[in-house]
Amino acid sequence: MADYQATHPIDSGYSLNNGPTNMGNYGPGQYQEYQNAGGSMGTSMYAMADYGTYGDQYRTDINPYANGGEHSYPYSLTNQPEPVTTRTQNYPPDLAVLTQINNRLQALEAKASNDAKTAAQQTQKTDADNRQEELKKKQRRALVQALVRRLSRALLGLGINEAGKRLTDLPHSLKPGEEPDFLADGVTLKAHPDWSGGVSDPVNIAFCIRVKNLVMDKVAKDNLLPQPLFGNPSDTNVMEMVKQYYDTLRKEYKAQNFEEGKVKKTHKRTQGKHRGRKVEKAKDCREAVERFCEIHGEQNTEGAYEAIQTDDMSSEHSDCGNVPKDVFEAHRKRSGGGDNGWEVRRKLWRSGWFNLYLAHLKTIKRQMREEAYQDKNGSSKGKATRVPRFRGLSANNNNSDPAPRRGRKGRKLYEAMVSPEWLKKEGKTYEEVGAVAHPPKLTIFNLQLTKDGLHDTELAYLADDESA
């Protein structure tokens with residue numbers, strides 16, 4: 001029967017009709033090999049009841065389904081064991097066990113908290129180290145750039161005073177067949193770049209290579225010192241610096257020898273001065289914001305920095321602008337500007353609220369500046385000299401549109417900052433000048449400001465704005 005079981009699985013369709021004719025002579029142990037041996041016994045010529053107890057057991061073994069399951073006869077499962085019911089008992093909680101569990105949870109929470117703090121501290125340390133390393137890289141790069149400028153000027157034979165101003169002119173370009181000059185040592189040939197050509201010109205490339213080689217030699221010697229200054233700049237990086245400085249020298253040569261170059265250089269220098277003055281004014285306003293917020297309440301001044309952008313500051317000029325020189329000079333002296341004062345030219349697009357807000361910041365900054373000059377006894381040590389400013393003529397007012405917001409960090413221009421009267425006069429809309437409505441969280445734009453406490457100078461400027 002073992003082979004039968006192996007080759008004929010359960011319900012294979014085979015019957016047990018070929019089994020022994022008298023099964024009553026066999027005990028249960030003898031019939032173990034017959035269990036689950038074949039398919040249905042519904043057509044068997046023998047009834048299991050004829051074999052007594054052993055027949056009942058055998059019947060149960062081969063068909064454990066209720067009422068015969070798949071079989072045609074309703075066999076009863078008379079020999080099935082009674083179901084066992086396991087009774088549970090509610091035991092009172094063990095206080096000591098609960099305490100241990102609670103202590104364990106607290107220990108795990110404390111460990112997780114400590115791990116989080118350690119990770120945060122490590123992150124902060126890593127960030128600080130990275131910032132420090134970036135700062136060192138910038139400092140080393142600045143030193144290499146300074147070395148490039150110094151060695152370039154040396155090859156060109158330029159003398160520089162302590163203020164950084166050139167004492168000699170840039171050398172001229174060599175004519176065909178002309179021999180180069182020597183430097184002061186009488187041995188080294190002076191460099192004569194071809195100023196009419198770009199940096200890719202062969203003569204200029206040769207000049208850049210000379211400077212680059214001198215720089216790399218200096219860096220190599222510096223790296224032998226215990227504390228090198230320049231780091232390890234690559235040939236490519238140094239060459240880029242030299243080429244950039246050549247472009248600067250070329251512009252200076254044009255300004256030195258051609259009227260067009262002089263005009264461009266003068267204009268750029270003037271623009272730089274104007275920009276620098278705006279930067280200083282914006283810086284003063286930002287430094288006054290903290291005290292302004294303390295006075296008016298933090299909840300009322302959310303977004304106080306959002307209304308301060310360098311390009312929105314009024315400009316300061318020493319030229320006569322749109323009026324004759326004699327008219328400008330007379331107005332400057334009459335307004336307290338003396339001989340060298342700067343005219344403050346208002347931006348007409350700024351709203352009354354915006355001008356009033358800036359007036360408050362400027363008044364606070366004046367107070368802070370005066371406090372800085374006071375010693376512990378309350379007496380003045382003397383104030384630093386400052387170029388006088390004076391209110392500009394209406395003909396020199398700035399009627400241009402607000403400057404576009406610059407850079408990814410550029411602050412938005414909000415509608416409260418733009419004068420609706422100016423928009424109406426110019427026939428423009430908020431959208432056309434790039435102004436948007438401020439979000440509710442920026443409470444600074446809802447703050448009702450007055451002229452109380454303002455400095456006399458700021459009150460005079462406000463009067464001019466209101467009459468403009």
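Note: Cβ is positioned from N, Cα and C throughout, glycine not excepted.
What TrEMBL lists as region 'Disordered' is 111-136, 261-281, 372-411. The compositional bias 'Polar residues' feature in TrEMBL is assigned to 115-125. Feature annotation from TrEMBL assigns compositional bias 'Basic and acidic residues' to 126-136. According to TrEMBL, the feature compositional bias 'Basic residues' maps to 264-278.
According to DSSP, the compositional bias 'Basic residues' (264-278) comprises 15 helix, 0 strand, 0 coil.
Panel annotation: around the region 'Disordered' (261-281), residues 251-255, 310-311, 313-317, 319, 342 of the same chain, lying at least six beyond its termini, place a Cβ under 8 Å from a Cβ of the stretch. Taken residue by residue, the region 'Disordered' (111-136) breaks down under DSSP into 26 helix, 0 strand, 0 coil.
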